[in-house]
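Going by TrEMBL, these are the annotated features:
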type: TRANSMEM; residues: 35-52; note: transmembrane segment
type: TRANSMEM; residues: 72-89; note: transmembrane segment
type: TRANSMEM; residues: 109-134; note: transmembrane segment
type: TRANSMEM; residues: 154-177; note: transmembrane segment
type: TRANSMEM; residues: 219-244; note: transmembrane segment
type: TRANSMEM; residues: 270-288; note: transmembrane segment
type: TRANSMEM; residues: 308-328; note: transmembrane segment
Amino acid sequence: MTTSAPPENDNNSDQIGPPSEIAPIIAKYHFYNDLIAGVLSIVLNFLLVFVVTKRIASASKVFKKVLSLSKLFEILFSASYIMTAPVFTSISIKPTFSGLMIVNTGWQFNFLCSLLFLSAALVLLTQQIFLAPWSYYIRYAQVCRKDGVKCTDIFAIIFVNLTFQVLTSVCLCYASIPTAIDISSLSETARRFTGADLAFLLLSYTKQITTTKEKINQIVSIISGFGYLASLLLSVFIMIFCTVKINMKVRESRNTSNNLLALQKKMNRVLLTQFFCPLIFIQVPFYYSVLGPIAGLSQGLLTDFLPLLFAWDPVINTLAIFILNSEIRNALIGKQRLTATSDARRSIVNENN
């Protein structure tokens, strides 16, 4: 009987995944990388939320809520990465099978529970892609519309976000749940990383289809691939559209001061950083190390090591906010503590924009 993943044997076991000598090194790199980046991310994000919500009185309520929510997702993502320390590794059995294994090399519970934590980490990883365009859109609504951000905007963002999550991460996790035959065939490959039995996800576009369920899984995996591609295109479109509209609105305003123009330029730099961080640290590695092996397009150690960048996205993103936003930076070091009466003009700009 033809199986989803060809079984290992003495002749081809070395072809599946990284060699036994390298696998523990890969796992160790991922563990310490995810631990260091995760701790830094959690500390920096809590610090940023504290500074904005407690030490900057001129920040608008919308800004505080949006920032706090986005940073909450980043904290959850970092915590999930510390817990699971996922390793993305390409597997290939020539000439018929190539795919991707996502191995939970972190804390281990029973197989199903460890698989759920690993899936949650992938969902939160995907959410990092969606945070930047929503920040752009909310800033666009604040600047370009008289009524600002409305409840309908929030519901629309939630609906679109959930839709893309279903089309991307949920479909990816569903299609990559290993079968009993997959587990028995590839458990030894997963065991190479730490020497223990590890939970893993398995996904491939080149599986030999023998059952209706496998056919459904293949269709779902293809939907996931197109969903991730659409998310990239949507992010770029929202970024360009909102940037153009915001700058046009600021320049067209007759009451625009030099201070407001300078403030908007600073905000543009922060937004651009929030866009390019997930593009460089998540999307590019994701397409190469996740979607590439699934289609049999990318193999080798680069596939195993490039996902190390995933954990650093919230760290670089938060550091950029501290560096580029002088108001937050000054509030952090105690150089300047703003109140609603000490800078009424900026408070009005934040509330109305």
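Each position is counted from 1, following the chain as shown.
Using the three backbone atoms N, Cα and C, a Cβ is placed for every residue, glycine included.
What you see is a predicted model, and the numbers here were worked out from it, not measured in a lab.
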So, taking each listed stretch (154-177, 219-244, 270-288, 308-328) in turn and counting its Cβ pairs to the transmembrane segment (72-89) that are under 8 angstroms, which one gives the highest count?
308-328
Mind checking which residues of the chain, 6+ beyond the ends of the transmembrane segment (270-288), have their Cβ under 8 Å from one of its Cβ atoms?
125, 128-129, 131-133, 135-136, 139, 228, 232, 235, 239, 242-243, 298, 302-303, 306-307, 309-310, 312-313, 316-317, 320-321, 324-325
Give residue numbers and ranges for long-range contacts of the transmembrane segment (219-244): same chain, 6 or more residues beyond its ends, CB-CB under 8 A.
126, 129-130, 132-133, 136-137, 139-140, 164, 167-169, 171-172, 174-176, 203, 205, 268, 271-272, 275, 278-279, 283, 286-287, 291, 294-295
Tertiary contacts of the transmembrane segment (109-134), as residues 6+ beyond its ends and Cβ separation under 8 Å:
66, 70, 73-74, 76-77, 80-81, 83-84, 86, 102, 157, 161, 164-165, 168-170, 172-173, 177, 183, 197-201, 228, 231-232, 234-235, 238-239, 271, 274-275, 277-278, 282-283, 286, 310, 313-314
Spatial neighbours of the transmembrane segment (154-177) far in sequence, C-beta under 8 Å, 6+ residues away:
100, 102, 115, 119, 122-123, 125-127, 130, 134, 137-138, 201-203, 217-218, 220-221, 223-224, 226-228, 230-231, 234, 290
